[in-house]
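Visitor: Let me begin by handing over the structure; questions about it come next.
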Amino acid sequence: MEFSHVPVLLNETIEHLNLKAGGVYVDATLGGGGHSEEILKRADCRVVGLDQDEDALNHAAKRLAPFGDRFIPVKSNFRNIRKVVYRLGLDAVDGVLMDLGVSSFQLDNPLKGFSFQHDGPLDMRMDPQNPKTAADVVNTYPEKELIRIFYEYGEERYAPQIARAIVKRREKKPFTSTLELAEEIIRAVPAKARREKHPAKRVFQAIRIEVNDELSSLEEGLVGAVEVLKPGGRIVVITFHSLEDRLVKNFFRREENPCICPKDFPMCVCGKKPRLKVITKKPLVPSEEEIEKNRRAHSAKLRAAEKLSFA
């Protein structure tokens, strides 16, 4: 299968990584390799590319083969960024990029089971070795747990109705395909909700997050990224939904202002020191022109921070 991957907020990403010759950068979400390719073009540097999907990793490695040993592909979840960096014999890196969510390659491949618009198996695993699939979640989770997931991870207002419909239907026959599930979700929501965004969008997002343990991975990945950054190194994160963006925003805030002393204390006694300086006080978003060219960019938000020299 061919990639049709268009990197989001490309120029903004390059600008905020503050590239320099001789630097080492981690593209923690390699995907189609578009961001990595531009980094390697713009500076005489090295890029370590992480992806947990071996198919995506192999495609990107072919795309970036002209850069020779300046590109280092590694099959790994970015929650393991510290282990990867140290295993490669690197003490620290000059920048980390995280472009979150599902890559175009995964979305456009029905066999991956991420899309509610193309029929495929209920899979949704970013790492094919992950034992948990979307079918496991949909067919075995108790109704209360489905409601919680749809509320928390999908911010879906009709979570109870959808969960009830899923449980009722699976008692007769388990769900096996993405379109089966999408059609059941459409039937479960009120008619007015069907006229807005596709009714299955939030539920599919929630199931995907559960299958891949995405929020915990992001928390661990952010912590690891800060630890492997050199002083003055940058971390750039692109998010695609409010849960991710809120998590990144709050993490950056905590790292910039970590003091937990009561406000009426005359001085800090907790000993917690800031490790980051936030570069983007407000998230950067794509221009109308970029959104016209790439509809998948419409919900993207970019946040960046720099590691402090005394951290």
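Heads up, the Cβ atoms here are built off N, Cα and C, so glycines get one too.
Computed from a predicted structure; not experimentally measured.
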Visitor: Which one of these stretches, 128-150, 151-173, 289-311, shows up in Swiss-Prot as region 'Disordered'?
Guide: 289-311
Visitor: Find, for the listed binding-site residues G33, G34, the residue with the lowest Cβ contact count at a 10 Å cut-off, counting only other Cβ atoms.
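Guide: It is G34 that, of the binding-site residues G33, G34, has the fewest other Cβ atoms within 10 Å.
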Visitor: To see if you understand the setup: which same-chain residues, six or more apart in sequence, place their Cβ under 8 Å from that of D99 (S-adenosyl-L-methionine binding site)?
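Guide: For D99 (S-adenosyl-L-methionine binding site), the qualifying residues are P7, V8, T13, D27, T29, G31, H35, I238.
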Visitor: Please state whether DSSP places F78 (S-adenosyl-L-methionine binding site) in a helix, a strand or coil.
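Guide: F78 (S-adenosyl-L-methionine binding site) sits in a helix per DSSP.
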Visitor: Considering all pairs of residues in G33, G34, H35, D51, F78, D99, Q106, annotated in the record as contacting S-adenosyl-L-methionine, what is the maximal C-alpha distance expressed in whole angstrom?
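Guide: Site span for S-adenosyl-L-methionine, by Cα atoms: 18 Å.
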Visitor: Within the region 'Disordered' (289-311), count helix residues (DSSP H, G, I), strand residues (E, B) and coil residues, in that order.
Guide: 8 helix, 7 strand, 8 coil
